[in-house]
Each structure stands twice: as structure tokens, then as C-alpha cells.
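Remarks on the structure that follows.
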Amino acid sequence: MPLAFCGSENHSAAYRVDQGVLNNGCFVDALNVVPHVFLLFITFPILFIGWGSQSSKVHIHHSTWLHFPGHNLRWILTFMLLFVLVCEIAEGILSDGVTESHHLHLYMPAGMAFMAAVTSVVYYHNIETSNFPKLLIALLVYWTLAFITKTIKFVKFLDHAIGFSQLRFCLTGLLVILYGMLLLVEVNVIRVRRYIFFKTPREVKPPEDLQDLGVRFLQPFVNLLSKGTYWWMNAFIKTAHKKPIDLRAIGKLPIAMRALTNYQRLCEAFDAQVRKDIQGTQGARAIWQALSHAFGRRLVLSSTFRILADLLGFAGPLCIFGIVDHLGKENDVFQPKTQFLGVYFVSSQEFLANAYVLAVLLFLALLLQRTFLQASYYVAIETGINLRGAIQTKIYNKIMHLSTSNLSMGEMTAGQICNLVAIDTNQLMWFFFLCPNLWAMPVQIIVGVILLYYILGVSALIGAAVIILLAPVQYFVATKLSQAQRSTLEYSNERLKQTNEMLRGIKLLKLYAWENIFRTRVETTRRKEMTSLRAFAIYTSISIFMNTAIPIAAVLITFVGHVSFFKEADFSPSVAFASLSLFHILVTPLFLLSSVVRSTVKALVSVQKLSEFLSSAEIREEQCAPHEPTPQGPASKYQAVPLRVVNRKRPAREDCRGLTGPLQSLVPSADGDADNCCVQIMGGYFTWTPDGIPTLSNITIRIPRGQLTMIVGQVGCGKSSLLLAALGEMQKVSGAVFWSSLPDSEIGEDPSPERETATDLDIRKRGPVAYASQKPWLLNATVEENIIFESPFNKQRYKMVIEACSLQPDIDILPHGDQTQIGERGINLSGGQRQRISVARALYQHANVVFLDDPFSALDIHLSDHLMQAGILELLRDDKRTVVLVTHKLQYLPHADWIIAMKDGTIQREGTLKDFQRSECQLFEHWKTLMNRQDQELEKETVTERKATEPPQGLSRAMSSRDGLLQDEEEEEEEAAESEEDDNLSSMLHQRAEIPWRACAKYLSSAGILLLSLLVFSQLLKHMVLVAIDYWLAKWTDSALTLTPAARNCSLSQECTLDQTVYAMVFTVLCSLGIVLCLVTSVTVEWTGLKVAKRLHRSLLNRIILAPMRFFETTPLGSILNRFSSDCNTIDQHIPSTLECLSRSTLLCVSALAVISYVTPVFLVALLPLAIVCYFIQKYFRVASRDLQQLDDTTQLPLLSHFAETVEGLTTIRAFRYEARFQQKLLEYTDSNNIASLFLTAANRWLEVRMEYIGACVVLIAAVTSISNSLHRELSAGLVGLGLTYALMVSNYLNWMVRNLADMELQLGAVKRIHGLLKTEAESYEGLLAPSLIPKNWPDQGKIQIQNLSVRYDSSLKPVLKHVNALIAPGQKIGICGRTGSGKSSFSLAFFRMVDTFEGHIIIDGIDIAKLPLHTLRSRLSIILQDPVLFSGTIRFNLDPERKCSDSTLWEALEIAQLKLVVKALPGGLDAIITEGGENFSQGQRQLFCLARAFVRKTSIFIMDEATASIDMATENILQKVVMTAFADRTVVTIAHRVHTILSADLVIVLKRGAILEFDKPEKLLSRKDSVFASFVRADK
């Protein structure tokens, strides 16, 4: 019909223009269409045909790269415009429906405006991405025309007295405002960019981040719609489904999010705080203020989003109330009174009374609410991640200045610092994530209670009181849960510590048959842990129970009380289901309360820890301004190292200042000797603890420049401490340390106002020192990276260093040569290899000063000689570099230019060897008896002989005799085998399997059939009862609705009351049953988790402890330990809660969809496409989430490892002056971890936004179909309310179902990995001989017969001993020697059946050891290994863990091992504590404890495998004599580290390539000129 636009009536109102065309409402509406048609006609050709030449576009790899001025405001105004236009369309449709005539002009212009608004934002987006602002002129014209036409319409409304009572008037006024603001935004773009009306446009460059192709995190740069919906993640998620995500895929962080940027922001906040605080305190309060100043704005933004989301969340209950109320009442057709040219306009009240309108408003409110909620989450987590990176960087920079005494003897450990980084920074991050709840929860509770009161009246206060009164109970449970978790963590840490010790010392445990002792030790701690876990499970189940039961209880009490005490009150479906939805909302903040309170408390504790750490003692070194001239003078060649430790807690000690004269007297003299001096200490007293007794006393020494200085002395006399004192690592009580000054280009003046000077002369900062510590410190990096150590790579120098340290054979055998990752702390290498790589690092550096702390301790004589000759002498001393060498190898003293002899922390004497010969005759003679000085020609001859006898390199260990390989043959075989398995720790294998259903089945089957049946049955029954409760509520409220009008004619009011009572009673029974089932299911889930955790850990421990030694050699220790740590923790604590959440969210979604389908079966038609979309979303998300979660974990490990490595190697890093380089690596590691965390957060938001949008669609479809059915099929209002309530439930739980599914998939990997280890075959502990047939005192003589013995480490490997025959008489002392790789250690291990004996026999005292049970065999022999192994615990436990020996026996063993005096001096004596790894004793003392441990056993056969490698020669000689006398009647087999130690043996066995080369008395072998043993002795002289 031609007149349908203005109305289909036959009268002429549409033509009436007698009062002017602008007074014709239809004409005005038609005029409003013109701007929209104009925009569509202008923009569509530009968008689809093509606009601008390609040359006018800026090509960049990101789509959205530039935001015009007012970008976010434009998007916000456009969204508001679209919403108002939707309301205008709906209002027009409703107004048009009042009369029979159709007036298209009531809603068609609004529809065109809606299309134009969408087109405008699409058009703007494309112009913005191409940076071509001139085309915005079309939008300028459009906004102008739209504003003018809409203003005309608004004015005409005013002229016809249409006001606020009509919704159309309000909407038109809003549109005028919005169009006007959009016009102003467009004018502002012209003002800023000057693309029109100005001669010179203003060019804007792309953001710096997006010019970097490596930046792929686009959240800060995309438009507002993409930010809110994470649309930019679509391509990333899609790509992740095709190929694994790695660090290259996620790229780099934007500059504003990098750790350095946030660290600078935090430092500025700290500085501002210090400026405000005159005292400059660094307490917890100052830290909180700095954090709020640096990151508070983003937190306010997150809180604003959260409050808006929570307020919008109340739209659900209100809309349910309106819809159900509309359907539950007989609504008369309303007739609006106001007309405009024959058209009726609805009022706002009439508009909101329409059920369909409410359904659409509910849909839009849900979309907006979910968007705001996810935006709040994202901003809070992003802020937390940025804060974490800033704090980690600040902690690291503090570590670089930390006093060494704090770590070695003082207040903190490396573990505490790592906990600060790994745990406390995360606590602060999660506090910032939960922080918006602190402001949002009170708002949500207050608004929720007000609305409940508005709907229910006084009854609402009953339910609210129930919830609020139970909140303290929840808090109490949460507190107990937190305590149980802390207790569990403590026991877990103790168990992991014991497991770690057990795994690191597994070789010793097996050799000593102590497996059961340490298994029992771990199981005892595990039982304590399980007790805590049981408490944790109980409180967790109570917490879960309360979360599900409190809403049921509140609803039960409220509704029953409502109908019982307020009989005239309204209990319609609208009231009931709106109240039910409000109760669910009201309970949420109270559930969060416990989490928020716990997180707040943890954050307060973490900040307190951080405050204590940041205020801990530092080593202050003056920073010198670069390129300042050096003052000339006689003392300018020296610089005093500022050793004073700044301790803010304690005043400086002055009581020891009198030990030396005034500081002026300590200035070095300006004579000729001083000119040649590199380091000089005068009157130095040094200590490790501020209040402790000086470790070094009255130290006055000089170290000559460009010469070799050796420091010698007995074990524990302070040699290593002297080096550290010179490096400034010890606390100086008094005295001064002077370093010769550096060239002007390398040093600078010190601008510090706190300069600590020894004199009035200028004090210089010392240069880098190449330092190799006694305990090798290696990075978790390649061999090459450990040697060059961030220095430029020089191939020639690198090869020279490799050759000098005899590393080439070791490199050849590694899987990837010198590019092999050697693992954290060098766990892939032997002690000797670690030592030589550490020394190689010092040799490679170009530093003028080199400190080497006992570099020969783990090396045999050949390697030591070669290192001394080719490395220290040729590479260092001949290059005129200053070398300070701490050593026990006195045979090298003739090479020293200067010797410093120490005794008991003091300097006994310093000078040349001739000086000692003249003035210290007794000491010199003592040395002479120990060293038997060798001449230069013989040393060269020995080295030449070694090279001549070396076989070709690159072969496997069993085939070659390479120098410097693993000190134990089994470790060498490990390297050979793993080379075939590609054991390069640098390559991370991606396993992208589907959901591990088998692991899930194994997990559930471990619980047992009864518990599993109870779990499944209780879960299903619980959700059936929950549905029954709500269904019965619908029937009850429907009956109340129909009863109300009938009650007027009811003769017997008792019947009505009886009917209500029946409904209330059934409702009470169902609710009570539901509460009971909630308790049963929560307890069952946690009990299942406990049972599975207990069973899997016990099986894992039993399997691992009984595994053969080959398993530990071919499986990385970290991998095994991870099964006991992270995987067991996942099974203990995470899988049960995830399983409960997954089952609950899945069953809730299924039951909700079932209820909706029951209420409106037509919903099933719409459900199918939504289900397909949901399936693909979860499918893509799970793959990306799994990869990102693994990437987040794997990027965190290097970060934590870097912290641990830095703390352990702090002395080395500071000695090298590499602080800045390590800080840069820290920033890289932090950024890598943060970018993975941010992508994971964005992926989670991507999922949740989509799933919640799908949930909103479910709500819309359910609402529309329910309303339609109710209007046409007489569907009861109660069922409509039921369907809508469950539709809201779907929108809440759908994303949790997918998230929990992804989490469960990831966590079941722990079960899969543990079950993989459970397949490991155990050693065959059973023997052919029954225990009763073995004499109790066997072996009582010590006679050993070796018959044609051939052994190998695995059936797939070649033999390491071939056809060995020997006869050892009882009580004989046998020495075994041979070059590295000759089979010495394999020979000793064969006695314990630690290797595969595939041919021959070993018969001890008439019994073939192959027939003995393993435990019996190993418990009857004794061995001492080269690497000392001590366990945390008492000295008594370390010597006698079986508790079989008396104290006198233990003291006797300590006396034999030269440790009796040391132990007696300790508090507690035998009960004194040995720390983990024996770190509170020196390396030599640890070895002596191992000797004492072997002496305690008093077996007839005693094997020493290079047991004295870490002991000085004097102590070694004493021990050898003691062994010979104390074990005169026992058979002793000694594998020689120094050949001279076996000269007194009865027989000597010389091995070569696994075969006996020589076997005779030592004097006979020495008498033969061609004897290999004789050549060894000559080389050892």
C-alpha cells in the first residue's frame, strides 16, 4: 500500500500539511530517514568497491594499529546509540500495535538509523586501520544531518506537548544528545589530525610496539569492540589448533607491559613515597602505598567494571519478576491517551510491562553484564601480572646487592628467596585480582537485600539473616582450610626434601641397603601429610557443602516462613523465582568473602616478607662516574673495596675496631713492591655474621700482580674465606682491602655521598675477577654458554681452553656436543666435569685477575697435571695475569711465585718457596714429605705419554679411555645411552593428545568400585533432587496463584491452609534431602581424592625406590622429582576439587537444558546450533588453553631457575661484574612468563565471553519460547519462571564446564605420568639362597675370588669389564688404578651387583654373590664413594641410620676419620644437625663423615672409591695410616685418586679398557721399567 508508511487508514491525516510540512509527524519521520540513506549510499561503495589507492595505505602486519582521537568515546557512544535505537524500534512496534492501522514510520526510520549506526562504526574502523582520515568527511556530514533532523523532531514533540510521560519523547531526546556528541567527536578529530580545513595535515606514526613484528599481544591496540569480545584472539586460537603454541607464536610483550617499564613505574612510586616520608622507611605500609600509586588506577578501572557488572546482574531477577508477573496476570489491552496525528505513543511503564521487551532487555543486560565482568577480570589480572613482574625485578636487583652472610650464615636461604619470588609475588598478583571484590561485594549485598525486601517484604530479612549469619561459619571454615593447607604444605615440603635427598643419594642407599630406612622415613612424613590432607579434605568438603546448601537452606526458611507467618503475603511464581534468583546472587559475594579475606591476609604477610627482604643487609659498593681522571699519587694504584655491610636493623659494630691501628696506617706504601701488587689486605678481621666471631683474624697479605699465588693449608683453615674476603663478600670488622686501580676507561669516580674511604685519597672500584668457586656453579645452559659466560665468542681461545681443561672427550660423548643443555646445577655431568667447566669459564675470560678455589679436588692426577700445565701456567701466568690458586696439591708449589700458608683462620706465613725453606724449615720439610717435587721434564713426558696412549675420541665410554669423563662408569654409560634418546633438555616435546580418558579411568578405578559407585550415584541423585525442589516450587507457586481468587468463595479456609501446608511439607522434605545429598557428594569426592592420592604415592614410592640404578642414570632426576612434587600435589589437592566442579557444572547445565526443554520443547530446535557452536568453541579452546598453560609453566621454570642460580652463584656473578647482564636475562625471563600468562588470561576471557554470550542466547530463546507458549498454550507462569531461572543458570555454568574440562584434561596428565613410572621394572631383590642358609657373620674372612668376570651397564651396551680374574686373600689391601674410563668404578660396583654381570662369578667366602638376596649382599659390605653424600638430620642419623651402634662406636669412627674434635665442638655433639647436602661443612669434612660412616659398619670387606679426592694430602696420609691399622684384619680395596696412596698396598691391579693390565705387588711393578703402574707413580710425584 502506498500510504502504509504513514498509516493505512483511509482518512487524510497523512496528507495534512495545512500547518506546514514540519508539523506533519510522518513527514518529519521521513525526513529523519534521509541522513541514514545518505550514509549507506556513500559508504557502501567505498567499503565494497574499493577506496583509496594501495599506496595511500600504511602496510603493517596488524589490522588495528592506530586510534583516532576520541576512539573509545566514539565506540561507547555508538553502543549507546544502538541500544537507544533498539528501544525506539521496540517502542515503535508496540505503539503501532495499539491500533489496527500499520504506521511504518514509527519504527522504520529507527531501523534505518540502526543500519546506519552499524555502518558508521564499520566504516570508521576501516578508515582508522588504514590511517586515511580524509574519508571521515562522510561521517562528519552524516552526524550533522542526523543531529539536525532529530533536533527538528524533538522540537516538534515539544510543540505538541509530548513530554517525559511518553517513551518516544525520552528516546528522541537521548538521540539528539548522542548525535550531538558524536558530531563533537568528529570535529575533535579534525582539530587534532587537521585532515581538512588546514593546509598541513598532522601525520601520526604507528605505535612503536606495532612496528615491531614480534609483538603479537594486541589487546591494548585493538578497537573497543575487539577488546570487549577478544575478537583479535580468534586468529590466534585458530592457529593454535593447527600447530603447537611456542614462545615464537606469542611473541613479545608491548613496551607498557614489560617488566622493565613496570619496574621503573614501581621505583618512581617508591621514590615518591620516600620523598614524602622524611625518615625514608621501607616498611610494609610504604610498599602498599607505592603499589597503590603505581597500579592503583587500573585497579579502580577494574573495580568500576565489576560494580557495573554486579548491578547489571540484578536485571535477571527483575526481568524474571516482570515476565512471570506479566504472564501470571490477566493484562487488559491498554489504550494510551496521548496522540500525535492519530498515532498513540506508549509510556515507559507500558513499555517495560511487555514480556517480550523484558526478554530482549534481559538478553542485552546479560551481554553487557558478562562483558563488564570479563573486562574487570582481565584488567585486574593484567594489573596483577604487571605488578608481579615489577616486584620480581625489584627482588632480583636487591639480590644483586645482598650481603653474602645473609645467605651463607644469616637470616635467609635460597629457598626462602625463591619462595618470595614464586609464592609471595603470586599471592600479591591474586590479591589484585580479587581486590575489586572488596568494593563490589558490599554493593552487591546491599542492593540484593533491598530488592529481596522489595519483592518479599519482611520475609526477605529471614533469608538474608540466614546467609549473613552463616558467613562467619564460612569464614571459620575458610580459616581452618587455610591452616590445613599450610600444614599440608609444610609436610609436603619436608617430604619433598626427604625424597630429593633419597633420589640424590639413591646410589649410596642401594650400596648400603638402606632403601627401606629411607622409604619408611618418607612414608612417615607422608602419613603426617595425609593427616593434614584429611583435614584439608574435610574442610574443603564442608566448604563445598555450604556453598551448595546455604542457598537451599535460605530459600527453604524464607519461603516456608513467608507462607506460614504472612498468610496474606503474595507468593506468586514471579515473587518466588525472582527471589530464588536473588538468593543465588546474594550468596555469591558471601562465598567469595572467605577467599577474599584469605587472599588479603596472605597478601599482608607477603608484603611483610617483602619489606623484611628489601630492608635486609646489603654490600655497598661505590659507583664511579665514567671517564673521570684518576688522581695521581703514590697510592692511586690501590682501591679499597668497601666491605662494610649496610644493615638497617643493627648498628655498626665498633667493638673490634681496636684490633688494628688507625685507618691511615693501613695505606699501602708507595715503594716498588706496592707497584707490583694487585691485592693487599692489611690488618683485616672478617666474619660471616655481624655479631659473630671473626672467621679470619689479623690478615695481612699481598698478592703480586701478574704472578701465580698459591694458598695452602689444612681443611677448614679459611682458604676459601680469604678469597671471598678479598672479593668483598665477607663482612669486614676492621682493617682494609686494597685493589690496584684500573685504567681510566674502566673505572670512574664515585658520586656517592656515603663514600667509605680508607684514606683521604680517591678510592676506586675493583675490576672483574674471573672466579671459579670450590663448589662448581653452572648455569642451566649449554656447555659452550657456561664456558664463554656472556663474553664474545672467540673460536681459537675457546679451543685452547677446552684443550687445557681436557674437555674435548667429554664434549664428544655428549648428545649434542658443546650445545648440550647440561641441566640445572649441572646435573647431567659428573663432579669432575662440572669442576673443569667452572675452571674453563675462568680461563676463557679476559679478566686480569683469576681466582681458582681448589680446582683439582675432583680431578685425577693426569687431568690435574694437564690443567696446571696447559691452563694455569700457559694460558694464565704466561699471559702475565694475576692468578690466585687455592689447592691441596702441594706438588705444584714449585710453580708458585708467591705462597700464602694459612692455619686456623690466620696467615701462618707468606713468601716464595725459598723463603719458606729458609725461615719455616719445619713446615717446608712437612711439605717436602708430602709432595716429592717433580721436575719439569718428567711432567712433560707424562703428559706426552698420556696423549700417545689416548684412543680415538667420540667413541662410547666402554670403547674409549678418554680423559675427564664421568668419574663413575655407570654415569658414563648413561651419557652414551641418552645420546641415542636425544636427551637434550633444550628441546621441549609437545604432546597434544585428546582428553586422557585412560588416565581418568585409572584415577577413578584407584578409588575402588564401592566409592566410585557411591560417587556417581550421589551426584546424579543430588541434581535430580535439586531439579525436583525447583519443579515443586513452580507447582506450589502456581497453586498459590490459582488459589488467590478462589479463596474469596472458599467456605472452608482450613482446606486452603491444608493445601499450602502439604506443599510446604513436601518442599521441606525435598530441601532437607538436597542438603543431605550435598554433604554426601562433597564428602565422597574428597574421600575419593584422598584414597587415590594415598594409593598412587605409595605405589610410586615403592616402585621408584626398588628401581634398578640404570633407571636413575637414564631418567633425569628432575623428572622423577616432579612426579613426587607437582604431580602428587595435583593429585592431592587439585584433581578432587576440579572433579567436583566439573561434575557439578556439567550436571547443572544438563539438568538446566533438560528443564528448559521440558518447559518449552521447541527450545530443542534452537539448542542444536548452539550446541554445535559450543562444541567447536570448547574444542578450539582446550587445545590453546592446554598449550598456553604448559607454556606458562615452562616459562616460569627458567625464571625461578634463574633466581635460584643467581642466589647460588651470587659471589661468582659479582666477582665477574656481570650483574647487568644477569638483570637483563631476568627481564627476558620475566617478560616471557608474563606474555604467556597474559595470553592464557586472554584465552580464558575469550572462552568465557563466548560461552556467556551463548548462555545469553539460551536465556533469550528460552524466554521468547516460554512467553509464546504461555500466551498461546496456557503454559503456567510457574513453569515459565522455572525455565527462565534455569536458563540463567546455564549462562552462569556453561563456561565453568568448559574451563573445568580443560583443567581436568591438564591435571589428568599427572596421573598419566605417574602411571608411566609405575611400569618401571624393579630390581630382583630375591636370591637363590634362603636367608637361613647364609651365615649371620658372612663374610667373616674377606676372601674374594673373581672368575672370568664380565659386566655391563645394560644388555644393549658393550661390556665395561671383560674376563677379569683375580684372587684376593683375607685381610689383603688391594689398590686399583687406571686412567679415567678404564673400569675402576665398575669393578667396585660389581661387588654390589649394581651392574649387569652377564658372565663369570664373584665368590666371597665361598658364596657366589649372584645367589644372595640383594639386601643381604649389600648390607654385609662397605664402600665409600668419591662424591660425599650427607643427609639432613643429626650426625648420629648420618653415621648410623639403622640405630644399631652405641655412642662409643660412633665416637670411635669419628676419631678414625679425624672428626672427633670437630663434632665435640658442635652444640649437641652426635645430635648436632647436618643441613641438607651437608652444606654447613666443607667438602673435605663431608668426605670424612662418609669415611666414618663406612667405619661404623665394620664389615670384613671395605671398598674406597677415590674416597680422599677432596681431602688435603696431610689428612689423607693420616687417614691411610689409620685405615691400615684399624682395618688390619679386613680386606680393603682402594681405587686410587692419588697413586702414592696405594704404594703400601699388598697387591695392585692396573686396569685398562675393562681388562686387567697388571696385577702384582707394587714393589715388583715399580721395579719393571715398562710397568704402567710405575709410570703412574712417576707422574704422581
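Each Cβ is built from the backbone N, Cα and C atoms, and glycine gets one as well.
The disulfide bond feature in Swiss-Prot is assigned to C6-C26; the stated evidence is a large-scale study or a structure entry. The DSSP secondary structure for C26 (disulfide bond) is helix.
According to Swiss-Prot, the feature N-linked glycosylation site maps to N10 (among others), an assignment based on similarity to another entry.
According to Swiss-Prot, the feature transmembrane segment maps to 31-47 (among others).
Taken from Swiss-Prot, the feature topological domain 'Cytoplasmic' applies to 48-72 (among others), supported by a large-scale study or a structure entry.
Residues or ranges marked as transmembrane segment in Swiss-Prot (evidence: experimental evidence): 107-123 (among others).
Look at Swiss-Prot and you will find 124-136 (among others) tagged as topological domain 'Cytoplasmic'.
Positions annotated as transmembrane segment by Swiss-Prot: 137-153 (among others).
Listed by sequence, the residues of this chain that lie at least six past the ends of the transmembrane segment (170-186) yet keep a Cβ under 8 A from its Cβ atoms are 69-70, 73-74, 77-78, 80-81, 84-85, 87-88, 91, 113, 136, 139-140, 143-144, 146-147, 150-151, 153-154, 157, 164, 348. Swiss-Prot lists 170-186 (among others) with the feature transmembrane segment.
Among the features that Swiss-Prot reports, topological domain 'Cytoplasmic' is placed at 187-303 (among others), with the record citing a large-scale study or a structure entry. In the predicted model, the topological domain 'Cytoplasmic' (187-303) shows an average pLDDT of 85.
If you look up Swiss-Prot, you'll see 299-602 marked as domain 'ABC transmembrane type-1 1'.
Annotated transmembrane segment per Swiss-Prot: 304-319 (among others), in sequence order.
What Swiss-Prot lists as transmembrane segment is 357-372 (among others).
Secondary structure of the topological domain 'Cytoplasmic' (373-438) per DSSP, as helix, strand and coil residue counts: 57 helix, 1 strand, 8 coil. The topological domain 'Cytoplasmic' feature in Swiss-Prot is assigned to 373-438 (among others).
The transmembrane segment annotation in Swiss-Prot covers 439-454 (among others) and rests on experimental evidence.
Same-chain residues lying 6 or more positions outside the transmembrane segment (461-473) and placing a CB less than 8 Å from one of its CB atoms are 448-449, 452-453, 546, 550, 553-555, 557-558, 561-562, 579, 583, 586-587, 590, 593. The annotation transmembrane segment is assigned in Swiss-Prot to 461-473 (among others) on the grounds of experimental evidence.
As annotated by Swiss-Prot, topological domain 'Cytoplasmic' applies to 474-541 (among others).
Taken residue by residue with DSSP, G1383 (ADP binding site) is part of neither helix nor strand, so it is coil. Residues 5, 29-30, 32-33, 35-37, 39-40, 43-44, 46-47, 74-75, 78, 81-82, 85-86, 88-89, 91-93, 96, 138-139, 142, 146, 175, 225 of the same chain sit 6 or more residues outside the transmembrane segment (107-123) yet have a Cβ under 8 Å from a Cβ within it. Each residue contributes its Cα atom, and for G1383 (ADP binding site) and S1482 (ATP binding site) those atoms are 29 Å apart. Beyond the ends of the transmembrane segment (1249-1264), by six or more residues, the same chain brings 228-230, 323, 355-356, 358-360, 362-363, 366-367, 370-371, 374, 1153, 1156, 1159-1160, 1163, 1166-1167, 1170, 1173-1174, 1177, 1283-1284, 1286-1288, 1290-1292, 1294-1295, 1298 to within a C-beta distance below 8 angstroms of the stretch. The Cβ neighbour count for S1482 (ATP binding site), using a 10 Å radius and every protein chain shown, is 19. The residues near the ATP site, meaning same-chain residues not in W688, G716, S720, S721, S1482 whose C-beta sits within 8 angstroms of the mean position of the site's C-beta atoms, are T695, G718, K719, in sequence order. Taking G1381 (ADP binding site) as the reference point, none of the recorded positions C6, C26, W688, G716, S1482 has a C-alpha atom within 10 Å of its C-alpha. Long-range contacts of the transmembrane segment (1162-1174) within the same chain, counting only residues at least 6 positions beyond its ends with a Cβ under 8 Å from a Cβ of the stretch, are 1153, 1156, 1251, 1254, 1257-1258, 1261-1262, 1265, 1269, 1294, 1298. Every protein chain considered, the tally of other Cβ atoms within 10 Å of the Cβ of K1384 (ADP binding site) stands at 25. Spatially close to G716 (ATP binding site) yet at least six residues away along the chain are V1462, S1482, G1484, Q1485, judged by Cβ distances under 8 angstroms.
Taking DSSP states H, G and I as helix and E and B as strand, the topological domain 'Cytoplasmic' (187-303) has 72 helix, 2 strand, 43 coil.
The shortest Cα-Cα distance between K1384 (ADP binding site) and any of the recorded positions C6, W688, S720, S721 is the one to S720.
C6 (disulfide bond) is 104 Å away from S1385 (ADP binding site) when you measure Cα to Cα.
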